Amino acid sequence: MPEAPPPAGDDAVPESLVRAGADELERAAEAALRPRRLEEFVGQRVVRDQLSLVLQAALNRGRAPDHVLLSGPPGLGKTTLAMIIAAELGASLRVTSGPAIQHAGDLAAVLSSLEEGEVLFIDEIHRLARPAEELLYVAMEDFRVDVVVGKGAGASAIPLSLPPFTVVGATTRAGLLPAPLRDRFGFTGHLDFYADDELERVLMRSAGLLDVPLEGRAAAEIASRSRGTPRIANRLLRRVRDWAEVRGDGRLTLSAARAALEVYEVDERGLDRLDRSVLQALCLRFGGGPVGLTTLAVAVGEEPETVETVAEPFLVREGLVGRTPRGRVAMPAAWDHLGLERPAPADTLFG
Ligand SMILES: Nc1ncnc2c1ncn2[C@@H]1O[C@H](COP(=O)(O)OP(=O)(O)OP(=O)(O)O)[C@@H](O)[C@H]1O
Ligand SMILES: [Mg+2]
């Protein structure tokens, strides 16, 4: 089966405060806010519980735990958990990623230099090249890597045995992982979007670390606009802090939060300007649809791909937009959100 192309990625996207991806600069700012231990990690109760058992059992046995796969959308804490796993095990962490490994030889070099008990974090593991993937199966299962020496007919593979280690893989697209690779992980944790009260706790914790006076009601306001994503919550917190320091009295109050997020055009549900213009076009210009993606994109002056990969997933998740075989439709909640009267039932798909 042909693989779906990877999504455009957030670098292809107009500036926005509520996209879940992060650039290098932001990742650096995030490092300071990362929980270091499992008990500091907010929310994701199920995954946290399961992981704590896996880790404790391994510690009790004095052996490296099974390989761990972490899957879920960007900004929910996969990298954070990978670091926590190493910290909880008292092990050192080696970091690489699917795209960084161009050839199987690159991976063989990393694997053959691993020390006993180390944690190897492979980010974006769904982007590993096929030959590297095959090398990884063997290494994960048999703790062995075949080092190829020589070229052509004279080449031979020398098996090199590896000390026990643990692979932690992270992926935003678990569906793209080939089954044999997926099967080699003894534990898979799927991260889901956070509830607002969990994001409030993330925010209060971050405010403490950044030493900014964040009021409870402001935390709730920021949380509700953060799309279930800690990365976005932390980002909005930084922007509200800017506002409070420049235009307010330095305190992060409810009114400061609202004023700041108005400046940045992040609305009550965490929609940004592009999201809203898609909704407005759907409701006002196309009477709620159905309308084809290309037509809709032209109406908002964007590429179809941008509308489809950047704006649409969240709008669909929020129940604001529906996808039908005949095109995109505005759901009743879209009219409500824009403060418009819903069209008469007979005129809609839902009548
Ligand atoms: N459960 C949590 N509690 C507190 N902070 C969190 C939590 N999850 C994520 N964060 C914060 O959110 C930010 C993004 O998290 P992280 O980098 O781990 O996401 P990710 O899933 O690896 O994203 P990507 O797919 O883009 O790599 C970090 O600053 C991290 O501190
Ligand atoms: Mg990450």
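Quick reminder: no glycine exception, Cβ is built from N, Cα and C everywhere.
Keep in mind that TrEMBL annotations are predicted by a computer and have not been checked by a curator.
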Need one residue: from Arg184, Arg201, Arg238, Arg239, the one TrEMBL lists with Leu33, Arg34, Gly75, Lys78, Thr79, Thr80, Glu141, Asp142, Phe143, Tyr194, Arg231 for ATP. Arg184
Residues among the binding-site residues Gly75, Thr79, Arg328 that border ligand 2 - Cβ under 6 angstroms, in sequence order: Thr79
For Thr79 (ATP binding site) and Arg328 (DNA binding site), what Cα-Cα distance in Å is obtained after rounding to a whole number? 34
Near Phe143 (ATP binding site), which residues of its chain come within a Cβ-Cβ distance under 8 Å, counting only those 6 or more away in sequence? Ser161, Leu162, Pro163, Pro164, Phe165
CB < 6 Å to ligand 1, subset of binding-site residues Glu141, Phe143, Tyr194, Arg323, seq order -> none
